[in-house]
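Listed in TrEMBL:
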SIGNAL    1-21  signal peptide
DOMAIN    210-287  domain 'Ig-like'
DOMAIN    295-375  domain 'Ig-like'
DOMAIN    467-550  domain 'Ig-like'
Amino acid sequence: MNGENLLTFALWIITLRLIAGTGKFRAQLEPKVAVKHVNESLELVCTALDCPSEATFTWKSLGDISVGGVMKSNQTTSHKMYSHIRTEHGKTVVCQVDCGGLKEQRTTIIEVYSFPSDPVISRTNNLTLMCTFPSVYTSEFFNLQWVLGDNVLKDEEITFDAYKGVQNVSSEYTMSDKYLGKNITCRGVLNLRGRPEGQKVRSFTAQYGPAFFNISSNTTVKVGERLELRCDADGQSDLTWRKLGKSEVLSRGKVTVIENVTWSDAGMYECEASTKLLSLQAKVGVTVQGPPNLPKFRLSSAGNPRAGDYVTITCDSDSVLPVELTISGASLNQVEKHSSSISINIPSIQLKDSGLYFCDAKNELGSKRSSINITVQAPPRNSTVLVYPSAQVMEAQNITVHCSTVSFPPASIILMREADGFQEFRSTNGTFHLFNLKSEDMGTYIVNFTNELGYEVQTFELIKGPPNLPKLRLSSAGNPRAGDYVTITCDSDSVLPVELTISGASLNQVEKHSSSISINIPSIQLKDSGLYFCDAKNELGSKRSSINITVQAPPRNSTVLVYPSAQVMEAQNITVHCSTVSFPPASIILMREADGFQEFRSTNGTFHLFNLKSEDMGTYIVNFTNELGYEVQTFELIKGK
């Protein structure tokens, strides 16, 4: 055997040893059966044994239903932990392990039970006993036995509905007279796989005494309704009604009545049945329902807040039933909360936040609303002074000064002029009217805005202004007609000297240092139509007026053009273009003498004649007409060669 073969043989031997030294992969789940009381904790451990790679774990139940709990895993182990076992956790749990494609699974059974306390024995009438085991649950059978000494008087086997979970288990037993004075025992027996038999026992000595035949069940009543509670016992018992926690007797006898229920009537009521031998009590709960009480609305600050304060608005409800509280109003977006209290914060309250705020408390039986009026106080801010029509004032002009500010309480507004030794003028609404102003009224004016929280001052300057708007007028009433004699006049009522200028349309500019200027047009024509201006100018500025002159004229200089020619071939088409000079625009009518003056009209003076024949030749008349007159043109269509 050569060296290469020896090396191959040696590697094969090592491989066989490695394979022989590796165990077979398998899964393990502990514990196999877990028996746990409701609310106990449980930990299941699933382990991958002899898995050479990292294992993955999957927990499920038969039928692939979720098993709940919390899962924590590493390379070889997975833990399924339950901090508080519930009845729905009682099932077969599967742990599936995947080791590099090899899969194994193991199962465990979780048995859940509840058997927390001793039974309670009560009497429903003189000879009938009721035994109740509270909060019982098992997946197996539960035995409830009535025992006298070594004799089992009654044995009940109770089957549980897993979907109903933990429940109270009760059994009645009616004694015969021979048992009176003897000790009767109620015993419950719970058997579970993997757990010793559990028992809970309570004994009762049968004797004569009061027994309840009937008592009102827990009841719900609305505010304002009548409440009647009834308690029946054997004929030898004295019945007394009390409200639990109070010593005074509400009434004696079977029935107690509250005519007009209020919220304070809610609570537990006790009926006591007593004989000379002993007494027995039974309780009934009364729940009072109704619309919520009026919610309490309050502001964190005492009195009206000042602008910039941090303010909290709170609304509380002391209603018994759950309520939905809503705060709204003023500048606030509506805020809702299912709670007995709700608050909103306004970090820096401002004047805009002033107004009425509402708190609505609502439940299924109605609603109530409270309101609070918040008035934010602030010194004058953002004050403005506006002068109309302008602070540039003409001689003898009237002006109005509008003053406004943002404040509360409202500010008093005082107008003063420095040159008058601060003579004061007051206004209730911030508006001042200054009449017939002169040169000596020009200067600096001060406006003082003041309330109890502070003040703000604004100033403005009145200065002499440019000339007033000049008046531009025409000698003729309405639009002039072509050929009329027309005068255009411009006047200025400014106190300071002005320079007047008339210009526009076909006019050469005319200037004059005067309070009035005129130009004459002896024979006005259509070309003189257009916009004319008058500019009044002094050292402080200028003003311009305008007037639009529209000259009216009957049709003149009318023309008729035939395209391509007035010599027409058979079946030819031609176009007739007609134009005139007039205002208002003339209507244009085309007629042919041979047709008895049949008319054709055109809105733009263009006529299209199609497919002309010999009979279409002859004289055509074009009439140009407006409300001032007319003009006629003719043309001849002749047959071409």
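Note that Cβ sites are derived from N, Cα and C of the backbone, with glycine treated the same way.
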Provide the three-state DSSP residue tally for the domain 'Ig-like' (210-287): helix first, then strand, then coil.
3 helix, 46 strand, 29 coil
For the domain 'Ig-like' (467-550), DSSP counts of helix, strand and coil?
3 helix, 48 strand, 33 coil
Just to be sure I understand, if DSSP states are collapsed into helix, strand and coil, how many residues of the domain 'Ig-like' (295-375) fall in each?
3 helix, 48 strand, 30 coil
